Amino acid sequence: MQRVTITLDDDLLETLDSLSQRRGYNNRSEAIRDILRSALAQEATQQHGTQGFAVLSYVYEHEKRDLASRIVSTQHHHHDLSVATLHVHINHDDCLEIAVLKGDMSDVQHFADDVIAQRGVRHGHLQCLPKED
């Protein structure tokens, strides 16, 4: 491990210290390493041909104009990416789905975009993890 020096403006340093404290880091270096790893992983997922895993989560109203069947159709269209799906009934109207995906990150992103863009889907979020060698 090597030691490096960086210069941060006061506001950014205060934000880093606040984040470090909230997340329970022992020091700034640990926080900065995790932030950098996250940024590098995100960058890697944007490169064409990158293989990896992802978690897609979203909420939708199951009774809304064939939305559930459209989502299932989209999932079947991209069946090669799906590892598992968890379906949770939040209340009488809303469902939460969490899909674990595996494959080319550009295909995963395309699938996520297709699901999240469906009218009636809310709180869509894709978390990508590039495959580590």
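Every residue gets a Cβ built from N, Cα and C, even glycine.
As annotated by Swiss-Prot, Ni(2+) binding site applies to His76, His87, His89, Cys95, with the evidence given as sequence analysis.
Counting other C-beta atoms within 10 Å of each candidate's C-beta, the binding-site residues His76, His87, His89, Cys95 are led by Cys95.
His76 (Ni(2+) binding site) falls within a helix when secondary structure is assigned with DSSP.
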